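A.B. asks: Pulled the feature table from Swiss-Prot, pasting it below:
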type: ACT_SITE; residues: CYS81; note: active site, nucleophile
type: ACT_SITE; residues: HIS188; note: active site
type: ACT_SITE; residues: GLU190; note: active site
type: DOMAIN; residues: 3-213; note: domain 'Glutamine amidotransferase type-1'
Amino acid sequence: MTMIGVIDYGMGNLYSVSKALERLGCPYIVSGDKEELARVRGLILPGVGSFRDAMHILRETGLADFIRSAVQDGTPLLGICLGMQLLFDESEENGPTEGLGLLRGRVVRFPGVTNDGEPYKVPHMGWNRLRFHRSSPLLDGVEEGHVYFVHSYYVVPGEEEVVLASSEYDVDVPAVVGRDNVFGTQFHPEKSGAVGMSILNRYVGIVTGRENG
């Protein structure tokens with residue numbers, strides 16, 4: 001059985017995620033077909049672009065309901081960048097838009113100005129250090145190194161306990177989130193060197209453990 005299904009809904013960074021899985025030796029498919037995705041053991045939801053556009057496509061294709069159902073059935077899910085934001089209740093981007101609602105919280109834009117009135121660059125692009133807050137199988141054996149971010153919006157969590165690691169960019173940015181079989185990274189692990197690859201490898205291990213169980 002194929003290990004991981006990378007969900008293709010037209011807005012994902014599919015090439016770099018696929019290449020990362022190849023480097024890890026993990027069997028995978030890239031597909032937007034629900035029947036194909038139903039046969040894998042774990043899912044990755046990548047994403048680049050607008051929250052509103054992404055949710056529109058996921059709803060129209062039936063993938064939103066498929067993802068919710070798969071998670072409810074115990075299938076591991078990893079959201080990357082926009083894909084992580086989509087896991088939450090809603091986003092303010094281009095007007096309030098309902099997300100997948102798998103984790104509590106909302107997505108808001110960086111203010112672009114500090115509390116002292118100093119402007120800073122949005123989007124946030126570059127390498128920032130992770131700070132771990134809670135243990136998780138996704139972070140077992142992973143170092144608190146630097147990872148690569150590209151985003152203008154960040155998650156304000158409804159429950160602090162879902163924040164496994166954070167980074168700082170004027171505000172405290174949830175960088176790794178997780179609860180039960182739902183995980184997310186705001187950064188691009190596939191572009192984040194050894195630290196990012198170790199996190200992806202841990203996710204593959206989570207999926208593998210489920211298969212062997």
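Easy rule for this one: first residue shown is 1, then count along the chain.
For all residues, glycine too, the Cβ spot is worked out from N, Cα and C.
A quick note: this is a predicted structure, and the numbers were derived from the prediction, not measured.
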A.B. asks: To the nearest Å, how far is the Cα of HIS188 (active site) from the Cα of CYS81 (active site, nucleophile)?
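C.D. replies: A Cα-Cα distance of 6 Å.
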A.B. asks: Sequence gap of 6 or more, C-beta under 8 Å: which same-chain residues meet both conditions with respect to GLU190 (active site)?
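C.D. replies: Result: ASN13, SER16, VAL17, LYS19, ALA20, ILE80, GLY196, MET197, LEU200.
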A.B. asks: Return one of helix, strand or coil for the residue listed as 'active site, nucleophile', based on DSSP.
C.D. replies: coil
